[in-house]
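*Asks:* So TrEMBL has the following annotated:
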DOMAIN    358-519  domain 'Phosphatase 2A Regulatory Subunit A helical'
REPEAT    10-48  repeat 'HEAT'
REPEAT    164-202  repeat 'HEAT'
REPEAT    203-241  repeat 'HEAT'
REPEAT    242-280  repeat 'HEAT'
REPEAT    281-319  repeat 'HEAT'
REPEAT    320-358  repeat 'HEAT'
REPEAT    359-397  repeat 'HEAT'
REPEAT    398-436  repeat 'HEAT'
REPEAT    437-475  repeat 'HEAT'
REPEAT    476-514  repeat 'HEAT'
REPEAT    515-553  repeat 'HEAT'
REPEAT    554-587  repeat 'HEAT'
Amino acid sequence: MSMVHEPLYPIAVLIDELKNDDIQLRLNSIRRLSTIARALGEERTRKELIPFLSENNDDDDEVLLAMAEELGVFIPYVGGVEHAHVLLPPLETLCTVEETCVRDKAVESLCRIGSQMRESDLVDWFIPLVKRLAAGEWFTARVSACGLFHIAYPSAPEMLKTELRSMYGQLCQDDMPMVRRSAATNLGKFAATIEPAHLKTDTMTIFEDLTQDDQDSVRLLAVEGCAALGKLLEPQDCVSHILPVIVNFSQDKSWRVRYMVANQLYELCEAVGPEPTRTDLVPAYVRLLRDNEAEVRIAAAGKVTKFCRILSPELAIQHILPCVKELSSDSSQHVRSALASVIMGMAPVLGKDATIEQLLPIFLSLLKDEFPDVRLNIISKLDQVNQVIGIDLLSQSLLPAIVELAEDRHWRVRLAIIEYIPLLASQLGVGFFDDKLGALCMQWLQDKVYSIRDAAANNLKRLAEEFGPEWAMQHIVPQVLDMINNPHYLYRMTVLRAVSLLAPVMGSEITCTKLLPVVISSSKDRVPNIKFNVAKVLQSLIPIVDQPVVEKTIRPSLVELSEDPDVDVRFFANQALQSIDHVMMSS
C-alpha cells in the first residue's frame, strides 16, 4: 500500500486488526501505529488510541515487543513533550510482562521518553512510575525499575532523591537474584547521576553488598560496576574502596567471577591508576594467568600485552614473562591461541634485548605448535617483531619455521603464510627473497587446494608490483608459462588466472610477446573449462594491448571459441566479443 493513501486507511479496520486472531495482522497493525496516530490527530491519539493500547492485553511477545518499540518514538504523535506522560501507562504495563526482551525494550523506550520530558512532568509522572515498579509485587516490575533510576534521579527534589537512593538499596538486597542482577547491571548508570557526597556513602554501601552476594551471577556483574564506579570516584577513594574488591574477586571461588575480572582487568587498572596497579594488581593478574580454569587463563592471556603497556619493562620481565612462558606450553590449545594472538605486541613493550633473549624462543615454540590456529596467530603479527629486532635476526631465527609452515598440512596455515609473503618480501629485499622464498611461491601454484592456488596467483602479482616487471620477467613469468603444459587441467587454469593478474603489471609489450601467445594456444585445449577461462582472460587483456593486436590475434581466437560445441564456452566468447565491440564504439 502506498504511503500517500495510508492515512486514509480506516482506523476502525486497524483497531479490528489489533484484535484479530492472526498474529501477522496484529503485528502489521502495531507497526502502523504511527499511521493510525497521524490519521487520528494528536488529541484523539491521546484520548482513544493510547488508552486502547494500555488495555490491549495481547499475549504474544512479538506483538508486545513491537508495541514497546513503537511507543518509544511516539512523542510527536501525542502532541509533543508536554503530553509525553500519556505514553507512560502502556509502557508501565509492558515493564511487568514475563518475556525479558519485551521488558528491556519497554525500559529502553521509557528512558528515551523520560530523557525528553520536562522536569516538572518527571516529578509528577515518571518518578511515581519508577516507585510503583520498584515496589511491584511481581519480580519483573522490580527488575525493570532498576533500569529507570538514572533517568528519574537528576530531576528529583532532595527528599525524593533520598527515597530513590534508599529504594535502590532495597532492590540490591531483593530476595530474587534476577532483581539483584538487574540492580548490579544498572548501578554504574545510576551512580553516574548521584552527587559525590552520597556516592561515597550510600552507593559504596550498596556496591559492597553486591560484591558479597551469595550468587556468582550477581557478583560477576558487580565486577563491571568496579570499573564504572572507579571512573567516578577520586583516586584515593578508588584505592580504598574498589581495589580491595578487585583483589578479592581475582580469588573468588567462582571461576565466572575470576573470568570477568580477567576480562575487565585493563579497565580496572585504568580506574585505580598506575601505582596501585604495580603493587596490588600485578600479583592478582599473575594469579589469573596461572588460574586452574582454562577459561580464566584464556581471558587473562588475551590481555597480556595491554597489561604490560601499563607496567615498566622491568616489571613485565620480572612478573609477567615467566607466566607467558608457562602459557606458551599450556595444556589448553585455546589458551595458547589467545596468547599467540597478542604476544607479538609485547616486543615493542619489552625492547630489543628482552625480545631476542626471552620472547623469540616463545615465538618459535608457538610457531611449531600442533594446533593450526596458534601458528596462524603468530604468523599474522610478525611485522610487530620485525620493527623491534630487525629483519636480519628475524630471518635467521624465524625463517626456517616459516618455510616449514609453507608446507603445513592445514591449508589455512599455508594461506596465511602466502598472504604474509609480499610483506616479508618488501622487508627482506629482493636478493634474500630469491634465495629463500622464490621456489616456494612457484610450489604453491600447484597446491591441491584451490584457495591456495588462487592466493598464490595473487601473490605473484603483488611480488611483481613490489620488485618490478623486469624482475618478474626473469623470475616469475618463465616458470609460470612452463606450467601451461601440465597434464592436469586445474593447474593449467591456475596459469591462466596468473596471466590475467600479471598482465596489467607487466604492461602491453611483455603481455603481447610473452603472455598472449600462451593464452591463444590454450584456446585449442580439449577441456571446456580451460576454453571458457581463455575467453575470460582474453576479455581482461583487451584494455591492456593495442588495438591492432586485438583485431589480429584476440578477435579471431574469440570468433573460433564462439562456435565451440560447449554452451559455456560460446557464452563467454560472445561476451568478450561484445566487449571488443564496446571498446571500438567508445574509442
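Just so you know, glycine gets a Cβ as well, placed from its N, Cα and C.
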*Asks:* Counting only residues 6+ away from its ends, which parts of the chain sit with a Cβ under 8 Å from the repeat 'HEAT' (320-358)?
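*Replies:* Sequence-remote neighbours of the repeat 'HEAT' (320-358) are 282, 285-286, 289-290, 294, 297-299, 301-309, 311, 313, 365-366, 369, 371, 373-378, 381-382, 384-385, 387-389, 393.
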*Asks:* Can you check how the pLDDT averages out over the repeat 'HEAT' (164-202)?
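*Replies:* Over the repeat 'HEAT' (164-202), the predicted model scores a mean pLDDT of 81.
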*Asks:* Can you tell me which parts of the same chain pack against the repeat 'HEAT' (476-514), counting only residues 6+ beyond its ends and a CB-CB cutoff under 8 A?
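*Replies:* Long-range Cβ neighbours of the repeat 'HEAT' (476-514): 441-442, 445-446, 450, 453-454, 456-458, 460-461, 463-465, 469, 521-522, 525, 527, 529-530, 533-534, 536-537, 540-541, 544-546, 549.
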